[in-house]
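Engineer: My questions all concern the structure below.
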Amino acid sequence: MTPEEQAAHQELIEQARLLFAGRVEFLKSAPALKFLPDPDVPEIAFAGRSNVGKSSLLNALTGRKSLARTSVTPGRTQELNYFEVGEPTRLRLVDMPGYGFAKAPPKVVETWRRLVRDFLRGRVVLKRTLLLIDSRHGVKPVDDDMMQMLDEAGVGYRIVLTKADKIKASELEKVTAETIAAARKRTAAYPEIIVTSSEKKMGIEELRAAVLQDAMG
């Protein structure tokens, strides 16, 4: 980065910090597209396997302890959960239903696929999807399926590694390289990934800045 680019990046990080330090509120849960809020502000969606740490990351991102409920039952969230950021509202975060739940009946899985596919293809204010991948496991076949769905919908997405504090540095380096390689094979994936730990607050500043940049871009 040039000194000018570095200064601009630091300014973006500070703007994002101030934004998320302000108003962040749960708006609604939408079990079907007809319940979505009016498409009047930019939206950033969060996707990931069940138990990937999505709720914990949303809580860390917003600086709240229990904004997004952490469920002990994987695959429990089968709705699009909306959170508003800013006063007045500058953007909305969309917590998408988790995928890859082994015990879900086929009907539930099909309902999930239809809801997510139709949301991705038809939501004009959706600026970016953040695809969360567990650092301990790397990209799984179900993650590949989600990437394919995003590619087909033409929705740009960033890959975010979660729980980076749970593995050794050498293992993290390996899974990061493998994830970058997987992203570069995809048409709609952002080529750089963000490595995070909700528990250690690692990468949270960068993630906030990315969310703000994507929403306003």
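Using N, Cα and C of the backbone, Cβ positions are placed for all residues, glycine too.
When I checked Swiss-Prot for this same protein, it listed these features:
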- 48-55, 75-79, 95-98, 162-165, 196-198: GTP binding site (BINDING)
- S55, T77: Mg(2+) binding site (BINDING)
- 40-217: domain 'EngB-type G' (DOMAIN)
Engineer: Roughly how many Å separate the Cα of K163 (GTP binding site) from that of S55 (Mg(2+) binding site), to the nearest whole number?
Structural biologist: 12
Engineer: Taking the binding-site residues one at a time (N51, S55, T196), which has its Cβ surrounded by the most other Cβ atoms within 10 Å?
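Structural biologist: Answer by Cβ density within 10 Å: T196.
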Engineer: Near the Cβ of E79 (GTP binding site), how many other Cβ atoms are there if near means within 10 Å?
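Structural biologist: The Cβ of E79 (GTP binding site) has 16 Cβ neighbours within 10 Å.
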Engineer: Around P97 (GTP binding site), how many other C-beta atoms are within 10 angstroms of its C-beta?
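Structural biologist: That number is 24.
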Engineer: In which DSSP state, out of helix, strand and coil, do we find S55 (Mg(2+) binding site)?
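Structural biologist: For S55 (Mg(2+) binding site) - judged by DSSP and reduced to three states - the answer is helix.
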Engineer: Tell me, how many other CB atoms lie within 10 A of the CB of K54 (GTP binding site), whichever protein chain they belong to?
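Structural biologist: For K54 (GTP binding site), the 10 Å Cβ neighbour count is 26.
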Engineer: Long-range neighbours only, meaning 6 or more apart in sequence with Cβ under 8 Å: which ones does G48 (GTP binding site) have?
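Structural biologist: K54, G98, Y99, L131, L132, I133, D134, T162 - these are the non-local Cβ neighbours of G48 (GTP binding site), listed in sequence order.
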Engineer: Spatially, which candidate from the binding-site residues E79, P97, T196 is nearest to S55 (Mg(2+) binding site), comparing Cα atoms?
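Structural biologist: If we rank E79, P97, T196 by Cα distance to S55 (Mg(2+) binding site), first place goes to P97.
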